[in-house]
Amino acid sequence: MDMNMNNNNNKGKSKLKQNQKKRVELILLILYAIGFYAFCICRSLHLSRDHFSKLHGLRAGWLFPPRLNDVSDAQWRNFRANLPILTLVFGVFTMLANIAGKSFHFRAKGMSIIWLFLSLIYLSYLHGACIIFILLIASANFLLVKIFANAKYFPLLLWIFNLVFLFANRVYQGYSFSKFGQHWAYLDKFRGTFRWHICFNFVILRMISFGYDYHWAHRDSHFDQEKHIRRCHVCKSGKVCYQILQERNVHTNNFAFTTYLSYLVYAPLYIAGPIISFNAFASQLDVPQNHYSIIEVTWYGLRWVFSLSLMELMTHLFYFNAFAASGSWKKLSPMDIFIIGYGVVNFMWLKFFLIWRYFRFWSLIAGIEAPENMPKCVNNCQNLESFWKSWHASFNKWIVRYMYIPLGGSQRKLLNIWVIFTFVAVWHDLEWKLLSWAWLTCLFFVPEMLVKSAANAFQAEGALGGFVFRELSAVAGAITITCLMVANLVGYVIGPSGINWLISRFLSKEGLHVLGFMLTSFYVGTKLMFQIHDAKQRMQ
């Protein structure tokens, strides 16, 4: 008995020492992180102050006058400028839809007609007469699904149809009415304020979703709802999570033409998403989402306002995107190139975070829950898999459901990623730099998958084995984050022609020191992510 007590005491002391070491490590990691961000902020301020006269896309700012504001990103500039009118329109739309739904006790059919009517008003302003193209292609897709849904070759037919229009819309720049006859040429004067074929990329994803969900509605579902409810904390609380809404087949009566069109052009999610499956949309037209309470939706909106304030502060103080857009950063030192590159990635994340959460917020008010597109901060992803689950996450869910699993899932993972990322690139646009981004990402994915397979087979024994495994994982995380930065800069900033320039700058004598600093900083960041993950597990 005394021996057992001694053993317990020794284990307790050993665990106490380990906790103390972890605490010391956490303090050192936090101190390094504070130093790193303090250095990056100070250097970014100096760069913005010293080079602002050479940068393009700066406008008079409203914070800290006469400081300028970086609005060089066209997507952010347009969204920011249209925020007041968008807020007014969606405020009116959601109010009318909610009042009509509650007053007349509308279910799926009634709500689909309400939202179809409101959304067509919205699209008429955006696209003018080009709404005809949208309705014609959508109607053709509906007929194809209804006629061939039970055929074995239906998935192939569905993909061919939608890919043809994905490419044709881009190649012909949304078509001209005059090409269909001179008596239609006058309609080219009424093309609206927004290019319809850009938004139609999202419509194509919804048309494919409708086709597959209707195809699967005639088959037995493999989704184990009871097993999911036992594991899901949301479903355990009596609410309904998004996965249930997506995986649970809706009745075939819900696959009506009005519901289908309402789904394709649903105003709050039409321009930018998030992407929602047809099953989930139709279910929530019938019974509005109960995952988020009114208080939680309000708090969600207030957090968005706070995030917008951070973006305004960032674009007034740091001109990251203006450096990238003007090409001025190519004349800077390797350290400054790293800081600008890191800043551009964070700017891109915050931009998409704000755009996607804005539209998701209005959808939640309307009673339709869409997946969160940015569930994690970009600085809290240490591997490619977690990054792509957290960046445009609704697109990731769509890809898993309608591409990855039908292509064979994990059994053909190495082959599937090439098909999937190539589609993701051409879906965004027909540009070589996006294909370069896609194929670079695939190249970086291959070693990560091989290392993960080896890690799963390897069983770390004892404290030393666990320590070595954790350190190697942190090193791998640092390399992965560096690769992600390179892939995103190539895809969205410098293009494939800039790869050689980027490599040459960081393999120079000065650049090697910066590369070492960068890898060290990302190593520390990865270790901090491990600490956050451990803390979350202890809280569960």
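Placement of Cβ uses the backbone N, Cα and C atoms for every residue, glycine included.
Please treat TrEMBL annotations as automatic predictions, because they have not gone through curation.
Given the ranges 361-377, 429-445, 514-530, the record in TrEMBL names 514-530 as transmembrane segment. Residues 137, 140-141, 144-145, 197, 200-201, 204, 207-208, 211-212, 215, 406, 426-427, 429-430 of the same chain lie 6+ residues outside the transmembrane segment (153-172) yet bring a C-beta within less than 8 angstroms of a C-beta in it. Away from its own ends, the transmembrane segment (193-212) comes close to residues 125-128, 130-131, 133-134, 137-138, 141-142, 144-145, 149, 154-155, 158-159, 162, 165-166, 169-170, 173-175, 255, 260, 263-265, 269-273, 275, 277-278, 395, 398, 401-402, 406, 427-428 of its chain (Cβ-Cβ under 8 Å, at least six residues beyond either end). Remote same-chain partners of the transmembrane segment (337-356), defined as residues 6 or more beyond its termini with a Cβ less than 8 Å from a stretch Cβ, comprise 40, 43-44, 47, 73, 75-76, 79, 272-274, 304, 307-308, 310-311, 314-315, 318, 320-321, 323-324, 329-330, 373-374, 377-379, 391-392, 485, 488-489, 492-493, 502, 505-506, 514, 517-518. Most Cβ pairs under 8 A with the transmembrane segment (472-494) among the ranges 81-101, 113-138, 260-281, 302-325, 514-530 are made by 514-530. With pairs at least 6 apart in sequence, the transmembrane segment (260-281) and the transmembrane segment (81-101) have 3 or more Cβ pairs within the 8 Å limit; the two touch.
Here the transmembrane segment (113-138) has Cβ contacts under 8 Å with residues 89, 93, 96-97, 100-101, 106, 165, 174-175, 177, 187-188, 190-194, 196, 199-200, 203, 207, 258, 260-262, 264-267, 270-271, 285, 366 of the same chain, all six or more residues outside its ends.
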